[in-house]
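Undergrad: The structure follows.
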Amino acid sequence: MAACRGFLLRRINDSCLTFRRHKFKKKWATTLPKIPCSRLALQYFDMNYSMQFGDLWPSIRISLLTEQKYGALVNNFSHKETVLKNLSAFNAKDFISEAQHVISLLQIQNNLDTSEKMTSGEASLNLVGQKNNAEKTQATNLLSSLSNTKLTCFKFSRGDISRFPQSRSDSFGLLEYYLMDAASLLPVLALDVQHGHSVLDLCAAPGGKTLALLQTENCQYLAANDLSTSRSSRLHRVLRSYVPRAQRTEHKVCITSQDGRLWGDAEANTYDRVLVDVPCTTDRHSLLEEENNIFHRIRTKQRQMLPLLQAELLVAGLRAVRPGGEVVYSTCSLSQLQNECVVERAVELAASDHGVHVKPQDLSCFREVFKNTFNFFQGCRVGELVLPHLTANFGPMFFCKLLRIE
């Protein structure tokens, strides 16, 4: 009998489930499959940009996922004539000189139309469209500046996917040209820096636009700032590689690493021109690169706070420019929230909180003179937006010009 009871107890013990308490609870983040940041970015863009751009989104989408097209910004401090000859040998063309040719043709046609309409007694249609006198003057001055700019940037024709070789050093040790998204020059051209101007580049690194500002040879003084010390170091390297020491003395170029939002208090009403090329979602980078991707889960809050940061930086830029001066705001994002909405919000904040009144400027003339190089979106409330396209895979690049009213 005792043996039978022992046998039954062993069978019961063997069949019972025993519960074991683990030291740590498993986290969902370690058990669920990890989604790449680039995939998260694509999902986000599909959800938002498909509504923003409608039927245009599939074309933009495939262009963003395809290799970007580059332009070659010629270094005016190098042996320029030799560089122009070498780049022309690649069957590349300077898109700025092409735009200057378009401006000349439009001006000739406009003069002919004006003469004919004055003879027939009809109203004249100006090259810059149906605008009031102040807007006509501003647009005419901008076109005149485009006609006389010293910037030169080569690009391959539409549909040509050739790539420029890496730049070589000249006899002075300076690199001959700088490879960059050609659309990144549009904010610099829109800024319209004139001879003797003091200029602030509020978010300067990695340095392409800063270098372009110096290539205009119009900056009497250039302040280049970026919050990141590592990115500021890269900016230093870029300028050392392209600009002679005599052109980047502390009296001509000052590189700082400060919070750009404080610039409005530190140097209010100081500069003739201010470029505010803000941190953004960098749409193309977010789709193609995992490293330093703003769609990483640990950067979710940072991404959500971007429009606020952008508006604060733009307000600082508007305060730093003197009355009568101009500010250009730019991003490399397609997002309305980071583009038009930020501009509109910053204009309101500058007026209500600081008594700084500004007026957005019409840049529609850029669509006309650069239409052979870039694809522009027609639906912006303010500013202009370059859309990526497979035949001309530049951008995205949004830029908006603001005039501080005296």
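We count from 1, first residue shown onward.
Even glycines carry a Cβ here, placed using N, Cα and C.
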Undergrad: Record says GLY207, GLY208, LYS209, ASP226, ARG231, ASP259, GLY260 bind S-adenosyl-L-methionine. Source is Swiss-Prot. Which of ASP170, ASP277, ASP283 does it list for that same site?
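TA: Looking at ASP170, ASP277, ASP283, the one Swiss-Prot places in the S-adenosyl-L-methionine site next to GLY207, GLY208, LYS209, ASP226, ARG231, ASP259, GLY260 is ASP277.
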Undergrad: In three-state terms from DSSP, label ARG231 (S-adenosyl-L-methionine binding site) for me.
TA: helix
Undergrad: Want to know which binding-site residues, from GLY208, ASP226, ARG231, GLY260, ASP277, are within 10 Å of CYS332 (active site, nucleophile) at Cα; which are they?
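TA: Cα within 10 Å of CYS332 (active site, nucleophile): ASP277.
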Undergrad: To see if you understand the setup: which same-chain residues, six or more apart in sequence, place their Cβ under 8 Å from that of GLY207 (S-adenosyl-L-methionine binding site)?
TA: ALA224, ARG234, LEU235, VAL238, LEU239
Undergrad: Which one of these binding-site residues, LYS209, ARG231, has the sparsest Cβ neighbourhood, judged by other Cβ atoms within 10 angstroms?
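TA: Counting other Cβ atoms within 10 Å of each of the binding-site residues LYS209, ARG231 gives the minimum at ARG231.
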Undergrad: Between GLY208, GLY260, which of the binding-site residues has the fewest other CB atoms within 10 angstroms in the structure shown?
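TA: With the binding-site residues GLY208, GLY260, fewest surrounding Cβ atoms within 10 Å: GLY208.
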